[in-house]
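S.K.: Here it is: the structure, laid out below.
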Amino acid sequence: MNTVPAPTSSTAQPPAAPANTRGRVITASMVGTTIEFFDFYAYATAASLVFPALFFPTQTPANQLLSSFAVFGVAFVARPLGSLIFGHYGDRVGRKATLVASLLVMGIATFLIGVLPTASTPGFSFIAPAILVLLRFCQGIGLGGEWSGAALLATENAPPGKRALYGTFPQLGAPVGFILSNLLFVLLSVQLSPEQFMAWGWRVPFLLSSVLVVVGLWVRLKLMESPAFQKVLDEQRVASVPIARVFRTAWKPLVLATLAMVATYVLFYLMTAFL
């Protein structure tokens, strides 16, 4: 009786799945972005509700609000800088390290806002607003590094033909963080008296951020570099100044994308924070 040999494949099989499972990549990119935007939007809500009176008490009501939103806007100056800094090291050192660092920058800054004395505290009338500006700037740095890095993490680990789909998960973190942040503020404002909310209730979302950051770090520390980036490292093809190549080869799409995002965010924050 003839026996049929077990079939053997003469063609190369696809490589084994990397340590970054698809579920882990989706979770790490979306959870981290959700936490960062939770922190970012917590400030936006507080800038409308409590910061004008707490950090600028000597000004007129109109100037209080303008000063509060001026500090809010500081983060938008910092975000491109954060993207440049973390993007540079992300292209040279690795996505994992920079994503962990950006999450820490945002988390620490947000927690410190939660414990920051207000301007009515003796000795802090001028120091408290200045520290608030600095911490808001750090929030912008952290978010600038987070969003671009999370998008790269998702798309570089995406299976063939699904990069666009995987690239949507970090973007979903923004509305999820926005909703969670606002729901928490609504819950606190309903459960607490106005005096309690102004005294300590507004601090809760900022302090809660530290717990969320621990969760985000736990998820991200389990990641490994994407196969695409690891190949660049192994072949020693890391550019010394990666951003220079972008400006040299793709400056027009960069400018157009920047203007598109500016228009988007002007409308978004006018509707969600200012109005």
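Note: Cβ is positioned from N, Cα and C throughout, glycine not excepted.
Sharing the record's features from TrEMBL:
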- 1-14: compositional bias 'Low complexity' (COMPBIAS)
- 25-275: domain 'Major facilitator superfamily (MFS) profile' (DOMAIN)
- 1-20: region 'Disordered' (REGION)
- 40-59: transmembrane segment (TRANSMEM)
- 65-86: transmembrane segment (TRANSMEM)
- 98-117: transmembrane segment (TRANSMEM)
- 123-143: transmembrane segment (TRANSMEM)
- 164-188: transmembrane segment (TRANSMEM)
- 200-221: transmembrane segment (TRANSMEM)
- 254-274: transmembrane segment (TRANSMEM)
S.K.: Restricting to the same chain and to residues at least six past its boundaries, which positions have a Cβ under 8 Å from a Cβ of the transmembrane segment (65-86)?
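M.R.: Sequence-remote neighbours of the transmembrane segment (65-86) are 40, 43-44, 47-48, 51-52, 55-56, 59, 98, 101-102, 105, 129, 132-133, 136-149, 243, 265, 273-274.
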S.K.: Other than its close neighbours in sequence, what residues sit by the transmembrane segment (40-59), given a CB gap under 8 Å and a spacing of at least six beyond its ends?
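M.R.: Here the qualifying positions are 65, 67-69, 71-72, 75, 106, 110, 113, 118-120, 125, 128-129, 132, 136, 139, 143, 177-178, 181-182, 184-185, 189, 197-198, 202, 205-206, 209, 269, 272-274.
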S.K.: What residues elsewhere in the chain lie close to the transmembrane segment (164-188), defined as a C-beta under 8 angstroms and at least 6 residues from its ends?
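M.R.: Distal contacts: 25-26, 29-42, 45-46, 49, 147, 150-151, 153-155, 157-158, 197, 201-202, 204-205, 208, 272.
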S.K.: Along the domain 'Major facilitator superfamily (MFS) profile' (25-275), what average pLDDT does this model show?
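M.R.: 91, rounded to a whole number.
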S.K.: So what's near the transmembrane segment (98-117) in sequence-distant terms, Cβ-Cβ under 8 Å and 6+ beyond its ends?
M.R.: 28, 32, 35-36, 39-40, 42-43, 82, 86-87, 89-90, 124, 128, 131-132, 135-136, 138-139, 141-146, 149-150, 153, 203-207, 209-210, 212-213, 216-217, 220-221, 223
